[in-house]
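Trainee: Let me begin by handing over the structure; questions about it come next.
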């Protein structure tokens, strides 16, 4: 029987592929052939063991100054998300009057924002998985700031919609990127803070509502014969002010915080030494003098082919395939390579391990977003029509905005309640299921009550329970998925929610032509179905290290 030395084996088990190149320098990729399945499995185990060791190190570092600052800065990203959503809702009637639009077209304003948020959630989510969390963390707010301020100068409705689409592309990345980033820096016993972070989301709506209450009434037309170019610029002031506030949030991220790349992202890319450097910096910021060495993440020797340990700056998302890529003159090959890498990340969500969780989570995001958007779009219109029916035309705008402030404020305790309830016997799944069924009941009650006070009370119940529900969903989604697919899974889930936000206003408009109660009945039904999906979720993340 003939024998082969290790070099011969390595040569037989490795293929060198020359990609087409327009120049003399070709891109060379080292990939494993079909005989490498055993090493692939062992490498996955290697990374899993390193992740377990990393969890232990993060726990020892503890919850300190770094994590507390990150909590605030990620929270500001979530605040910006809802701040802009609420802004579009409150300025929509003013924009309609400014450009003289019919009811059939004004819905394009919010749909433009949601469309941008959909593409943004996909783009920034995948980018954070392929190029790291750090880049996406700052660029989302930078894009939002620029187009938010530019939108205030729009001279046509089309220009405004286009600017809001680009604004939405930026702000749409805040939820999936910021949540995943924060989760990967905190110890297991403090993961409830991701749900608590949704209190910032609630304050985003409050901030927009309060600003609108003081800015819009004195700077908006209430009569049909007013000069809109001189007397109806309140909506422009709102966009400019919120753009300036977003810029301040960006400056806080850049100048007052030393953001580090996620160590879990680095470990998932087999960049162990980079992860050690990051952990040392975090420990130093927290005032922890513990020693962190690369040997803390060692696994038994000879578990994988040593040649497989080399990863380039552009690794395959699926670490069971290995590549060392050097591109000097072939951008087409690089684009094909990166496209296949991103596709592999998405397809890994449909393996047996993640299939049921992926489908249910995406259904929940879609149904809850559709149901809540239908109610949220319906609420100002119904409150305004109720005021007109009661003859309250003189101060109607201010009264409706005041009701909006109350509605927004009621969401804040919902976030706080969620952070407490998820650590009780209910856990994540029980808390969001009960909150969702309660929201469905509250929406139904809103549709049958008649007085103004009853409308305010029932809408306050919807705000409290829906915010509680959203708080748990936003925390559960990044918790349930593992690090190397977390950004993509959260990004696609958020994108489905944005698609629902695009369609819901148009569907609501059609249903309103049938009856003012029909959208509410549909909203309550969708909340109920989403509650059933939550009950069916197979993984409870309470007490589990993300």
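In case you wondered, yes, glycine gets a Cβ from its N, Cα and C as well.
Bear in mind that TrEMBL entries carry predicted annotations, made automatically and left uncurated.
Feature annotation from TrEMBL assigns domain 'Major facilitator superfamily (MFS) profile' to 70-542. The transmembrane segment annotation in TrEMBL covers 70-92, 104-127, 139-158, 164-186, 193-215, 235-256, 354-375, 404-422, 429-450, 456-477, 489-514, 520-539.
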Trainee: Cβ pairs under 8 Å only, please: of the recorded stretches 70-92, 164-186, 235-256, 429-450, 489-514, which one is richest in them relative to the transmembrane segment (520-539)?
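Mentor: Counting Cβ pairs under 8 Å, the winner is 429-450.
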Trainee: Please identify the stretch among 104-127, 164-186, 235-256, 404-422 with the greatest number of Cβ pairs below 8 Å relative to the transmembrane segment (193-215).
Mentor: 404-422
Trainee: Do we see three or more Cβ pairs under 8 Å linking the transmembrane segment (139-158) and the transmembrane segment (404-422), pairs being at least 6 apart in sequence?
Mentor: no
Trainee: Is it true that the transmembrane segment (354-375) and the transmembrane segment (429-450) have 3 or more Cβ pairs under 8 Å, skipping pairs fewer than 6 apart in sequence?
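Mentor: Yes, the transmembrane segment (354-375) contacts the transmembrane segment (429-450).
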Trainee: Over the domain 'Major facilitator superfamily (MFS) profile' (70-542), what is the model's mean pLDDT?
Mentor: 81
